[in-house]
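Enquirer: Have a look at the structure that comes next, please.
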Amino acid sequence: MARKLSTLVVFGAILFALLQHVSMAQQTHVVGDTLAWTVPNGGAASYSTWAAGKTFAVGDILVFNFRTGSHSVAEVSKGAFDSCNTSSPISISTNGPTNITLSSVGSHYYLCTFPSHCTLGQKLAINVSGSASPAPQPAPATPPTTTPVRAPAPSVSIAPATAPAPASVSQTYIVGDNLGWSVPTSGPNSYQRWANGKSFKVGDTLVFNFVNGTHNVAMVSKASYDSCNTTSPINTISNGPARIRLTNSGEHYYMCTFPRHCSLGQKLAINVTGTDVTAPTPSTASTPSSPTVPSSDSPVNSPTAPSASAPSLALAALPLTFLSFALVRLLN
């Protein structure tokens with residue numbers, strides 16, 4: 001009996017050492033967690049707040065979840081990061097999701113190169129250390145003082161090497177892209193040309209970039225849109241940039257109510273579909289004749305992402321299972 005108890009203690013020490021090694025494994029960080037990689041409602045502070053409580057080490061992986069064609073992720077210098085200069089990135093990926101393995105210590109800077117996305121807060125700065133900090137360790141098992149009880153083989157959860165992309169992510173559209181929201185110089189159909197080819201869904205967000213006091217954005221009926229009648233808007237936002245979340249399907253009409261701006265082409269009509277069932281917090285579709293507009297800066301939630309820092313247990317699965325079976329056999 002004494003020999004078996006001594007052997008049990010030795011096996012416990014080995015298992016403890018293996019668990020300690022596993023806790024030091026590389027981490028996978030899903031950038032922004034449920035926010036994913038997009039233009040954040042909270043500005044640049046959104047991603048800096050996300051990174052503030054995390055430790056990044058060489059060998060860790062950053063996962064940028066975004067839809068191809070809607071965003072990109074580029075590593076840049078500090079100067080380019082501070083000024084949102086997208087002209088000379090160190091590296092760039094335009095396919096989502098993008099996985100980046102941290103291979104060097106020091107400060108690393110990332111941003112989206114799409115027009116206005118960086119200035120609206122789609123940027124991330126992190127500091128990478130040489131090695132991961134040890135995670136809290138489990139207390140070693142106390143050897144039994146009575147007849148040993150057979151221990152079942154431990155259940156080992158193997159984390160995926162890469163985090164999957166969300167099945168469907170809500171999109172943020174910068175109305176007019178570089179043009180912003182203003183009286184277009186390229187003709188009255190400028191905004192309709194911008195909207196052509198885009199698929200607007202319930203849960204997406206429109207961003208109207210304009211300077212306060214020079215423009216506004218009003219949601220109106222089709223009749224008011226066609227005639228540029230500004231007297232009875234459904235909703236008007238006077239503070240830029242205005243963020244409007246699409247909460248119902250159907251036709252949506254927007255224009256500026258400043259004198260002659262609508263007649264000169266500052267107007268936009270889009271069709272919103274409600275078929276994207278995985279769009280975050282979708283609202284019940286209403287009839288096109290009475291669309292509603294949410295309040296500005298309505299938070300946009302994204303699908304739940306995988307755990308941002310779950311250590312990989314793949315290397316520990318085989319030795320843990322082997323040692324457990326050996327221990328059971330020895331105690332028989």
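Each Cβ is built from the backbone N, Cα and C atoms, and glycine gets one as well.
Any TrEMBL annotation is an automated prediction that lacks curation.
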Enquirer: In TrEMBL, which of the ranges 100-130, 131-161, 193-223 has the region 'Disordered' annotation?
Expert: 131-161
Enquirer: DSSP helix, strand and coil counts for the domain 'Phytocyanin' (27-130)?
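Expert: Breakdown, helix to coil: 17 helix, 35 strand, 52 coil.
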